[in-house]
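Each remark here refers to the structure printed beneath this line.
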Amino acid sequence: MSGTSLDGVDAVLVDFTQSCPLEHTCYMPYDAALRAALLALNQRSEDELHRAAVLANRIARLYAESVRRLLDETGINPRQIVAIGCHGQTVRHYPQPENGYSIQLVNGALLAELTGIAVVTDFRSRDIAAGGQGAPLVPAFHQEVFAHSAIDRSIVNIGGIANITCLPVNGHVTGFDCGPGNILLDAWCARHLDTPYDRDGQWGVSGRVIPRLLENLQAFPYFSLPPPKSTGREMFNIDWLQSYLQGDEAAQDVQATLVALTATTIARAVSAYFPEADEIYLCGGGAHNGALVDQLRQGLPASDIKLTNALGIDADWVEACAFAWLAQRAIERAPGNLPDVTGANESRILGAIYPA
Ligand SMILES: Nc1ncnc2c1ncn2[C@@H]1O[C@H](COP(=O)(O)OP(=O)(O)O)[C@@H](O)[C@H]1O
Ligand SMILES: [Mg+2]
């Protein structure tokens, strides 16, 4: 998995015949040049097709290296691996009804060639072709591993974009992208501190929320749009933020306001669509942002908020496990999307398979 944060590759070795499926992990950060090249492809620019294809090769090589490390470190033979579920790096996400598409860069053929293992990739296109948003896709996995028969649970994944999954005791599983997770926090931090993210939210804590700015940001129409909905860097980016700034704000106050924006939009999404959630489990890198988590607790005082670690899967690896699970679904010819979540007309087998 490599998510919208553009931080790197999360690779997991999983065995779904085990009650604790997560066997081994490997994280490979993107270097600054790769990150910048991928970020640049999120916007129109010269010779995009060539640059995208070359980067898709580069990502495949990085994924292959992460697979090699997982196998080396566990002593497992590639022939024991059923498949690699490989999300690729999203560079464009436009899930509109006519001419919708979502592009995740990775050369699946090259990854299969380099590893000798079957590769399942391009998970989102089929859902979009069936009238859906192509996102979020993790709720089906959350249902599989985290649902409880007597407790209303919500899973909140705070990646670049934040998404919630509602797992009600009675009723259908729902979920949607609620808005920015780390994306704006990271962008503002990179601009002012020249570091990729605000470790533990410490810089944000040093500032004060600007109430007028927070209200204006919260009034952005996406936040009140009913689901199904999904979003990405096309909508939430530094230019979007800049369009709300007067220019005289202290940088740390803007960061504090962005933390509040992320926390309040997540809390409002849960309150609006799943107020009965007794337990909330956090995953994704944003779960390490102490200031953000504190504010989430303040915004959702009736819910018990913990990390998914308490349910047996470390918060940093849930999304990677989800795409391994989706790959397994594809191999078994089983559907991977939840139409109630993505808005697809029906459930579909997701992904393109490159056999070993
Ligand atoms: N200790 C930390 N403190 C604050 N933020 C963190 C910390 N560790 C990770 N993050 C955030 O998590 C992000 C990566 O989260 P991740 O779940 O990989 O998102 P994505 O799925 O979008 O790649 C980083 O860019 C950073 O913003
Ligand atoms: Mg990531």
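Backbone N, Cα and C atoms are what each Cβ position is placed from, and that goes for glycine too.
Close to Leu6 (ATP binding site) in the fold, though at least 6 residues off in sequence, lie Tyr30, Arg35, Leu38, Leu39, Gln89, Gly160, each with a CB less than 8 Å from its CB. Secondary structure from DSSP puts Leu6 (ATP binding site) in coil. The ATP binding site annotation in TrEMBL covers Gly3, Thr4, Ser5, Leu6, Asp7, Gly8, Val9, Asp10.
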Sparsest Cβ surroundings (other CB atoms within 10 Å) among the binding-site residues Asp7, Asp10: Asp7
Those binding-site residues in Gly3, Leu6, Gly8, Val9 whose CB falls under 6 A of ligand 1, listed in sequence order: Gly3
Neighbourhood of ligand 2 - binding-site residues from Gly3, Thr4, Ser5, Asp7 with Cβ under 6 Å: Gly3, Ser5, Asp7
Distant-in-sequence Cβ neighbours of Val9 (ATP binding site), under 8 Å, six or more positions away: Met1, Ser2, Cys26, Tyr27, Met28, Tyr30, Ile59, Leu62, Tyr63, Ser66
Among Gly3, Gly8 [binding-site residues], residue with fewest other Cβ within 10 Å: Gly8
Environment of Gly3, Thr4, Ser5, Leu6, Asp7, Gly8, Val9, Asp10, the listed ATP site - residues of the same chain whose CB lies within 8 A of the CB centroid: Met1, Ser2, Tyr30, Gln89, Gly159, Gly160
